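The feature transmembrane segment is assigned by TrEMBL to B:42-62, B:74-92, B:98-118, B:130-151, B:181-203.
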Amino acid sequence: MSFTTSPYLLKDTSVSQVMTQVCIALIPGIVAYVWLIGPAILAQLVIATLAALLAEAVMLRIQRKPLAIFLSDGSAIVTAWLIALTFPPLAPWWLVFTGTVFAIVIAKHLYGGLGQNPFNPAMVAFAVCIVSFPALMSQWPSVGLQMPLVEQINIILGLAPRVDALSGATPLDALKTALKLGDGSVDVAHLLANQDVFGNFAGRGWEWVAGGYLIGGLYLWERKLITWHVPTAFLASMTLIGGALWLYSPTQFANPLFHLLSGGAMIGAFFIATDPVSGCTTPRGKLIFGAGAGLLAYIIRVFGGYPDGVAFAVLLMNLCVPVIDLLTQPAIFGMKDKS
Amino acid sequence: MITREEIKTIADNGIWKQNTSIVQILGLCPLLAVTTNAVNGIMLSLATIIVMAMSGVAIASLRNLIPHEIRIPVFILIVAALVTVVDLLFNANLHELYLVLGIFIPLIVTNCIVLARVEAFAAKNPPVQATLDGVFMGIGMLWTLAVLGAMRELLGSGTILGGIDMVFPSLQPIQVLPESYPGFLLALLPPGAFILLGCMIAWKNWMSAKAAERAQRRPPEPVSTAGCH
């Protein structure tokens, strides 16, 4: 029998180990995406990864930091994957490239690099691109797109013309547009049952992708890489406001489950709002951060002009993080809580 | 009157060392609003230069008559009168551009660059120096706004000299990037102006740091004979 002294730490968790786990956790969502939406997303993942590594290497070289350590920590790859997964799968290559380079160079390195960025880089990329290129960012493949992979990749690389098959909308957009055109005469239940773009709970195909992210998120929680606070608060506040409005007028508002499984809600709750750098650090702060992001995401996607609100919601809550952290300091162990 | 050395100092301060936009960071409101292309930035800077030169000479001449306690209202009155003149000039001669620049010409009155130079320089120096200071501060603003406007325009719409036809009707904007360039809209929006201005400030600080490093390495030069070169 051997004795050692404290601390009884099993091992250090390095940045690269955390990032590898996050990438593994994204795999169920990516598999569902490839299976149900199309394999073109794999090309986007490759483009985003290469762009992120290139931008990271250039910025490290300028700052004369060691390339190998920082390039292999995987943080740039996680950012790149989140960008690829939130952009339209058939977006031209330069759109994903521009977004990724902007995220790494401006949102990450100009603020001081890994661990210093006040805003989530992936969501900065999304916001920049949807503000700058609104048309391209709203072209999603139409439901059941039958197109060989080579042709899809040609479209991404700009070698083939962008055809009508790409003019689909996201389920959220389709619902919003139909409600606006109907001007009060259509009801949500009827739309959800009859339009091709909707599946059993939310968007056809997309609902299972969201389910994949949920599984990945639970894996992250099980491995203690994220705590329960942010995702629970995010999904709960979205359910509460969605549920309240749905009960108030079931013909005008979709049920909360539709919203939880649409757009970026699941990936946002588990992978984006839980970013340890740009999010809150105190437990109560995490609850406020998650709840605020969920509430804002719902308000922006339902009442705003953009197809989804997760990116803007997360960025707005990133702005509030310093204040929230300041006001939610827990009492020091053994001391009485001053407030 | 004025020595060569003084002119050099005033010019150096205005154009580089105390540049209004990238060192003093003054007048950000017109900077964000009008630099969507280089021509707008240059024309607003020209209007500001005229106002600053005239207010410099007016206030420096009257500096011993203006009671110290109420100097700010008096400065503002003089500047406002001069801005009205420039405003009417633009309205009469460059009407289309006047419509584009809109409220930002009357707002030169409240531009902190003008009041800052009047208070910090014209109120304490003779008219010739004050006029030169106004002109060179304005030139400092002009080149920064021109560079910022050109960068925003190139990134945002792929052209240069957009809006030149409003000043010289015979000239046309030049399409630099191919027609299919989608246009990076963010550059034309206020965040783009902030990001690019931040890059320019970083570049200025980097240049100054390099210059300071060079100056430190070199032994101090003997005092030059003023006015002989």
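The count begins at 1 with the first shown residue.
Glycine is no exception: its Cβ is also placed from the backbone N, Cα and C atoms.
Ranked by the number of CB pairs under 8 Å to the transmembrane segment (B:42-62), the listed stretches B:74-92, B:130-151, B:181-203 are led by B:130-151. For the transmembrane segment (B:74-92), same-chain residues at least 6 beyond its ends with a Cβ under 8 Å from one of its own Cβ atoms are 47, 50-51, 54-55, 58-59, 62, 66-67, 98, 101, 105-106, 108-109, 114-115, 118-119, 123. Beyond its flanks by at least six residues, the transmembrane segment (B:130-151) meets 2, 7, 10-11, 13-16, 18-22, 27, 31, 34-42, 44-46, 48-49, 52-57, 59-60, 113, 117, 121-122, 160, 187, 193, 196-197, 200 of its own chain at Cβ-Cβ distances under 8 Å.
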